[in-house]
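In TrEMBL this protein carries:
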- 16-57: domain 'HTH psq-type' (DOMAIN)
- 225-389: domain 'DDE-1' (DOMAIN)
- 519-565: region 'Disordered' (REGION)
- 531-540: compositional bias 'Basic residues' (COMPBIAS)
- 548-565: compositional bias 'Basic and acidic residues' (COMPBIAS)
Amino acid sequence: MARTKVNKRKKGNHTADNMLQAIRHYRQGRSIRKAAKEYNVCYPTLQRYIKKNVNVSTSDLHKQRLTPNYDVNKIFTNEQEKSLTEYIKECALKFYGLSTKDVRSLAYQMATINNIKTPDSWNREKMAGLEWLRSYRSRNLDLSLKKPESCSLARATAFNKDTVKMFFDNLKNVMERHPSFGNGCRIYNLDETATTTVQKPLKVIAPKGRQNICKITSGEKGTLVTTCAIVCASGQALPPALVFPRKNLKDYMMTGAPIGSLGLANPSGWMNAELFIEVMKHFIKHTSASSENPALLIMDNHESHLSIEALDMAKRSGVTILTLHPHTTSKMQPLNVGLIGPFKAYYNSAVDSWLMRNPGKQMTIYNIAECVGYAYAKSMTPVNITSAFKKCGIFPFDADVFSEIDFMPSAVTDRDQPETSSAKLMAAPSEQLNDRKNLVSPSSDITCAHNPILFEENPSEDVGGNNTGIRSAESPSLLESTTPEHIMALFEAQNSQSPSSIMHEVLKDTGDRTFKSPKEFMLPLKSGPRAGRRKPRKLGKSMIATDTPEKNQIAEERKKTTTTT
């Protein structure tokens with residue numbers, strides 16, 4: 001049976017507008033059955049509403065309740081649910097998405113803070129029910145349950161408007177230097193990716209009832225071979241460079257690799273500054289770069305790419321190197337955006353095929369070049385390459401390719417300037433003193449308002465057991481609308497009650513005036529000021545590495561590092 005039952009009942013499906021129009025047409029002389037049929041209202045229901053509102057004038061009908069009982073008994077109104085939905089979406093777009101349990105707790109807190117009647121099960125469990133969550137999701141089809149990808153804090157916060165603007169300013173500066181940069185035929189992107197002897201198995205068709213289905217791999221942990229890919233904005237892919245985990249390279253290691261590929265050897269299998277010089281020679285050879293025929297190479301600013309020898313060689317050969325800001329390559333580097341993913345998928349498929357053709361054998365690093373050759377030809381197509389450059393806004397040049405939604409995760413760590421933060425701290429004590437003048441202080445039991453802890457197990461309750469005492473500290477309604485005379489009158493009228501009970505009456509009297517949305521009572525998704533005065537470590541940035549000032553700065557930093565070591 002389907003999880004969502006189809007309601008075949010015709011009763012109780014009308015809207016308030018349909019019922020209003022049906023009653024008006026009946027009063028204009030039409031029969032009940034004709035009016036009910038025309039406005040899709042159940043005949044007995046229309047007859048009952050006509051009798052119930054017989055003494056109500058036609059002009060005042062819109063003030064009456066003309067909706068079914070189930071619509072009236074909803075816990076939240078449409079506007080209240082909309083505010084909840086907006087908050088859930090905002091959290092997801094800022095990479096702080098809420099789980100199903102978090103949403104249920106948030107719904108309970110919103111109902112409690114706004115003094116909304118809830119079922120007894122909500123009060124027992126301190127969260128909304130599962131059925132409410134299912135109904136809520138069915139009413140908001142723009143929400144779906146997804147498994148998020150992990151994203152480091154550095155990557156989420158590094159992609160901000162300032163770093164993106166810096167890169168596009170540098171890109172615009174470089175593209176104006178030579179006409180061939182503007183038409184895209186001399187713009188290249190370089191990046192490395194890991195290709196190992198252990199693949200990620202593809203999905204397989206298997207018999208039902210089996211809980212554990214396996215796929216053969218060559219080992220538990222594979223051996224790394226680094227593949228360095230280079231592509232051009234015009235749709236051309238240069239032969240890759242492969243770094244094998246060996247001290248010396250043998251010719252048979254490159255069997256099956258793309259024609260013209262460069263083979264390198266390093267015991268760790270990683271790219272380093274010495275090997276990158278060979279990659280730069282490989283790039284200059286295949287692009288025929290020179291002072292008369294310059295080329296633009298975009299890559300990340302890893303230290304292995306920015307050796308002084310490689311930068312000098314690039315500058316002599318007419319190669320301009322533009323680096324990306326750290327932790328932004330997932331959105332701003334064409335190879336990461338649209339090419340490495342398909343390449344890995346085809347590579348895993350090639351390894352699966354090799355294991356099927358060679359049952360009982362383990363794949364070694366000597367077979368990787370063959371699989372790389374197959375995957376490279378399949379993934380590095382002109383359509384994929386040009387689409388990846390366009391998606392990043394590099395070619396055609398588009399500095400506004402990213403929207404405000406793309407920058408939302410970085411807004412969490414946007415901090416005020418130091419002088420602004422200190423001014424706020426200096427102003428805080430005086431504001432607190434002004435607030436205390438308007439409050440009664442005979443007992444410490446009087447708790448005014450506080451921000452509830454994010455998804456706390458047991459939200460604060462007052463003495464009477466009613467949860468109406470929870471209020472937002474940011475909301476001015478309580479402190480502004482509650483005067484000292486009001487509180488003193490309550491003291492005189494209820495001398496026998498405790499201060500907490502009196503404050504509960506104050507909250508009850510002022511709490512229903514405005515609706516508190518989750519944005520108002522939840523802790524804001526904003527990091528606080530930096531603790532201490534320690535200067536943070538200097539981070540990398542987007543730069544034109546082959547320009548003399550930048551190259552000299554890199555040489556200076558390398559010299560300092562060498563001296564310290």
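The backbone N, Cα and C atoms fix where each Cβ goes, glycine too.
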Counts by DSSP class (helix H/G/I, strand E/B, coil) across the compositional bias 'Basic and acidic residues' (548-565): 17 helix, 0 strand, 1 coil
Secondary structure tally of the domain 'HTH psq-type' (16-57) (DSSP, helix then strand then coil): 29 helix, 0 strand, 13 coil
Segment confidence, the domain 'HTH psq-type' (16-57), expressed as mean pLDDT: 87
